[in-house]
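Worksheet: one structure, shown below.
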Amino acid sequence: MSDIDHLQQIAHLRREYTKGGLRRRDLTETPLPLFERWLAQACDAKLADPTAMVVATVDEHGQPYQRIVLLKHFDERGMVFYTNLGSRKAHHLENNPRISLLFPWHMLERQVMVTGKAERLSTLEVVKYFHSRPRDSQIGAWVSKQSSRISARGVLESKFLELKQKFQQGEVPLPSFWGGFRVSLEQVEFWQGGEHRLHDRFLYQRDGDGWKIDRLAP
């Protein structure tokens with residue numbers, strides 16, 4: 001059987017979800033403690049990149065785009081990630097701050113989806129995080145004009161070596177085009193795989209100063 005024949009069998013690829021359910025008694029009054037518990041369990045399970053999340057934004061024509069970004073902080077104010085401010089996602093968020101995040105913890109048969117609005121972080125927050133990064137990562141932030149077209153990888157590697165030489169003494173300065181966003185928590189949905197495709201879904205939705213919690217059909 002050829003590779004193409006194998007690929008044509010994808011309609012038959014499936015498995016049962018058997019790792020447990022999510023019941024109302026398992027829920028917390030607000031979504032953050034449950035998210036924190038699930039994230040800790042994802043870390044304890046040694047999942048690859050447990051803080052990786054799909055970030056979805058929309059351009060001026062209504063075309064959605066997605067990419068994987070790492071969560072770097074979260075609290076009651078929202079979820080934080082950092083990026084090049086000249087990137088496609090940053091331009092999208094300037095025009096339309098609506099955003100969706102998705103944490104796909106496949107091995108635990110779980111996912112968490114967050115929807116809200118993104119706002120730029122303060123310079124103080126960005127500087128503090130930037131200088132906590134490995135030095136080579138700080139230099140790497142200077143190298144790439146994110147999402148621009150380049151002729152070859154060698155262009156990036158040459159620029160990296162040039163800047164590494166330039167910044168060999170003292171601190172690497174924060175690029176003016178590098179920053180971060182905080183995503184407000186307006187809706188948070190928890191999904192747990194269930195047997196016979198009877199998955200458990202609970203939606204937390206802002207309701208004044210509190211949260212409304214609904215079970216959703218799978």
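Yeah, the Cβs are placed from backbone N, Cα and C, and that goes for glycine too.
Residues or ranges marked as substrate binding site in Swiss-Prot: Arg14, Arg15, Glu16, Tyr17, Lys72, Tyr129, Arg133, Ser137, Arg197, Leu198, His199. Sequence annotations record features per position, and here Swiss-Prot assigns FMN binding site to 67-72, 82-83, 88-89, Gln111, 146-147, Trp191, Arg201 based on sequence analysis.
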Cβ neighbour count within 10 Å of Gln111 (FMN binding site): 19
Reduced DSSP assignment, Arg201 (FMN binding site): strand
Sparsest-packed of the listed binding-site residues (Arg133, Arg197, His199) - C-beta count within 10 angstroms: Arg197
Spatially closest candidate among Val69, Gln111, Arg201, the listed binding-site residues, to Arg14 (substrate binding site) (Cα to Cα): Gln111
Pairwise Cα distance for Arg133 (substrate binding site)/Arg201 (FMN binding site) [Å, integer]: 36
Rounded to the nearest Å - Cα separation of Tyr82 (FMN binding site) and Lys72 (substrate binding site): 8
Integer Cα-Cα distance in angstrom, Arg197 (substrate binding site) to Val69 (FMN binding site): 29
Coarse DSSP state, helix versus strand versus coil, of Val69 (FMN binding site): strand
